[in-house]
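Undergrad: First the structure, which I've put down as structure tokens, then a few questions once you've had a look.
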Amino acid sequence: METVQLRNPPRRQLKKLDEDSLTKQPEEVFDVLEKLGEGSYGSVYKAIHKETGQIVAIKQVPVESDLQEIIKEISIMQQCDSHHVVKYYGSYFKNTDLWIVMEYCGAGSVSDIIRLRNKTLTEDEIATILQSTLKGLEYLHFMRKIHRDIKAGNILLNTEGHAKLADFGVAGQLTDTMAKRNTVIGTPFWMAPEVIQEIGYNCVADIWSLGITAIEMAEGKPPYADIHPMRAIFMIPTNPPPTFRKPELWSDNFTDFVKQCLVKSPEQRATATQLLQHPFVKSAKGVSILRDLINEAMDVKLKRQESQQREVDQDDEENSEEDEMDSGTMVRAVGDEMGTVRVASTMTDGANTMIEHDDTLPSQLGTMVINAEDEEEEGTMKRRDETMQPAKPSFLEYFEQKEKENQINSFGKSIPGPLQNSSDWKVPQDGDYEFLKSWTVEDLQKRLLALDPMMEQEIEEIRQKYQSKRQPILDAIEAKKRRQQNF
């Protein structure tokens, strides 16, 4: 796929989308080829610019996402003009999505390459990547910008081996009147101590993250990766700076470079400009040293895609045969009380409906998600098929709501003393339910029966409160969409 791109170079270089292109629908300007993966706030797709033939990356972001953060990312990319930072070409509104058109880096992220090859990087490879990354950070920091999420997953390589900084979803701008920021943003294992402690931080917070990234490239994962992220957040500020698991495997120059990055006091930590003069970085070899590992990773990815396609084709054939056998058989849907019927099938619901691209490669050490126990394993998407549920008439909902209200009111009147006091209905703060032992079975049953309608009422109040906050935001977005089609 990439060899075709090299044999057929773009007819001219795309620098920025012109006004004529930006007033068209994005499908008129681009052909979307495939999904590349997930970034902060949206999905990323590979596409081709029809006029020039240039490959680009398009991030599609739902407008329900944090629009302020999306606009911040666009603003930062617009202001940047560096070979070491991913370029921004333009943006579109399409239905409920914002399309952000960016530079395409064909080799993917450094973490993608490590996982595809199932190998960590050599010192020479790390030095070359760090040199380009430091040039990108030097540029950002000169512009008074902090990236705040430096890690191998946010360092992209093009097919020639040039490293570029990407994913500015959490980047921040420093001003003269706000020399240090006080917000905790980033990925836990890569966070600088001062970021976690919220004591204010500046551009050298990125340097700490770069030191952790250097260890990540050398060992395959950052320090503390084997413990819970919340525990790591407490350990990073209190423990001494992390080092290599086996320091004897690495040169003195590399060890010293990491040591210079991982200084706990930000005032004593080296800057990007200073680290570009470090012997480990100054002795870095050219980008040609990265071509072998890039080609190896792309070969692995291509083979996996071909294998997946064969499995899909085989499944399609099997499903086609099953559809022929099952056609015309109608059964009642499980839990369907309104008489709706559906076609019976031996296929399980949702089988083979989502192909997980290997180039997506979700990092196990990525952005922290709390309370994610309900997520399916191996990236499986859990689908809720609302079309199978029978529509409930509005009059039925009205009577059900009235019945719940009557139940709540009647409980307050009919239940005996122990239950009439509203304070008794609250969950005891100390978790002590001993008082229930003195109640009769009838009292307990009435209390149990009252919980469901009370819960429904509380949920409805929360829903209305959420809607009252959400609607003005949606109205503002709609107003902006009507006033302008693009940025």
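Quick reminder: no glycine exception, Cβ is built from N, Cα and C everywhere.
Since we're looking at a predicted model, the values are computed, not measured.
In case it's useful when we look at the structure, here is the feature table from Swiss-Prot:
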{"type": "MOD_RES", "residues": "MET1", "note": "N-acetylmethionine"}
{"type": "MOD_RES", "residues": "THR3", "note": "phosphothreonine"}
{"type": "ACT_SITE", "residues": "ASP149", "note": "active site, proton acceptor"}
{"type": "MOD_RES", "residues": "THR183", "note": "phosphothreonine"}
{"type": "MOD_RES", "residues": "SER265", "note": "phosphoserine"}
{"type": "COMPBIAS", "residues": "303-312", "note": "compositional bias 'Basic and acidic residues'"}
{"type": "COMPBIAS", "residues": "313-326", "note": "compositional bias 'Acidic residues'"}
{"type": "MOD_RES", "residues": "SER320", "note": "phosphoserine"}
{"type": "MOD_RES", "residues": "THR340", "note": "phosphothreonine"}
{"type": "MOD_RES", "residues": "THR367", "note": "phosphothreonine"}
{"type": "MOD_RES", "residues": "THR387", "note": "phosphothreonine"}
{"type": "MOD_RES", "residues": "SER410", "note": "phosphoserine"}
{"type": "MOD_RES", "residues": "SER414", "note": "phosphoserine"}
{"type": "MOD_RES", "residues": "TYR433", "note": "phosphotyrosine"}
Undergrad: Reported in the order helix, strand, coil, what are the DSSP residue counts of the compositional bias 'Basic and acidic residues' (303-312)?
TA: 10 helix, 0 strand, 0 coil
Undergrad: Could you state the whole-number distance in Å separating the C-alpha atoms of ASP149 (active site, proton acceptor) and SER265 (phosphoserine)?
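TA: It is 19 Å, counting Cα to Cα.
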Undergrad: Cβ-Cβ under 8 Å from SER265 (phosphoserine), same chain, 6 or more residues apart: which ones?
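TA: Same-chain residues close to SER265 (phosphoserine) (Cβ under 8 Å, separated by 6 or more): none.
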Undergrad: Specify the count of other C-beta atoms within 10 Å of the C-beta of ASP149 (active site, proton acceptor).
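TA: For ASP149 (active site, proton acceptor), the count of other Cβ atoms within 10 Å is 24.
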